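Novice: Take a look at the following structure, please.
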Amino acid sequence: VEFCEPVLAEAAPAASGLPRLIKLATLFGLWYALNVAYNIGNKLVLTALPIPWTAATVELFFGLPYVLLLWGTGLRKTPKLSFADVRKLASQGFFLAATHVGGVISFGAGAISFTHVLKATEPVWSALLLAVCYKEFLPLPVYFSLVPIIGGVGLASLKELSFSWLSFTAAVLSAVASAAKAILSKKVLDGKPLGENLTPANMFGVLTILGFLFILPVSLALEGPATIRTAFEAALAAGYTKARLFKLLSVSGFLYYIYNEVAFLALSEVAPVTHAVTNTVKRVVIIIVSILVFRTPLSPLGALGSAMAIMGAAAYSLAKGKYK
């Protein structure tokens, strides 16, 4: 689930040739594989432990020791931020946490494929937020590209055989939060550097820490020790071992952070148009694999609606790039 979009370069690097092609194929193949693995692993966690707030919090936590180790050992330059800088990033950390937990809740309450179709509505919310909050309007062709997204999601929702209002609402809120985070990123930074050593990868590390701090108290309030203990006892009674449960949680948390790391590396190598196409392909791959792995029932009209929504999201990205 791509809950944090990397900051992209305006154009792809000039280097070309077979070495670059091999590098790109490796990076994108690894990104897709890790993303698919995370989605499957996350669903397995939620099947064993239906406590999505706790699962989302643990997944964010697992990124902390990884990035702190990189900074502490000097393998990656430590970002230097003032208190004012952190305040500017706080809202993005909040929306990263909201995006993540919304997706996790949706995964737990419904099918992975349906969640990804609903998350394809992010461009719709982005356009709406820009218009309502900032009085910024997009060119007409860009708005036209939103039509298949809305129609496709509507059709997919009507024909979703495992429809859940909780899954629907959480996925939509996740898409709204993701759109808000992307808009705030551009508005807050406004093309200006923030602090020192705040590379895209370091930005994700900082936002992960902030997101964890935001989500932890809410998670403890909604799913306190008693709820967590009950969930673990039920899982143990169902045949899971403590070692198995810990492995599921730790692997899911590790995959969440690592696939985002690889995404930064992969997407920084390509132009925005290529980014739009590869993101669409990634979403299609996740949907297909999840349907096969979990044997998710899908009606013909539901499949048509899903395809419309995903291709509409790709058309939006391409149109926005052309008419910006």
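The backbone N, Cα and C atoms fix where each Cβ goes, and this holds for glycine too.
TrEMBL labels come from automatic prediction, so no person has curated them.
So TrEMBL lists these for the protein:
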- 23-317: domain 'Sugar phosphate transporter' (DOMAIN)
- 21-41: transmembrane segment (TRANSMEM)
- 53-72: transmembrane segment (TRANSMEM)
- 93-118: transmembrane segment (TRANSMEM)
- 138-158: transmembrane segment (TRANSMEM)
- 165-184: transmembrane segment (TRANSMEM)
- 204-224: transmembrane segment (TRANSMEM)
- 245-267: transmembrane segment (TRANSMEM)
Novice: Please work out whether the transmembrane segment (165-184) lies in contact with the transmembrane segment (93-118), by counting C-beta pairs under 8 angstroms that are 6 or more apart in sequence and asking whether there are at least 3.
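Specialist: Contact criterion met.
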Novice: Under an 8 Å Cβ to Cβ limit, what residues of the same chain, 6 or more beyond the ends of the transmembrane segment (93-118), are close to it?
Specialist: 1, 3-4, 39-40, 42-43, 46, 50, 52-53, 55-57, 59-60, 152-153, 156-157, 160, 162-164, 166-168, 170-175, 177-178, 180-181, 184, 206-215, 256, 283, 286-287, 290-291, 294, 296, 298, 305-306, 309-310
Novice: Should the transmembrane segment (21-41) and the transmembrane segment (204-224) be scored as in contact, given a threshold of at least 3 Cβ pairs under 8 Å and pairs 6 or more apart?
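Specialist: Judged by the Cβ rule, the two regions do not touch, with the required three close pairs absent.
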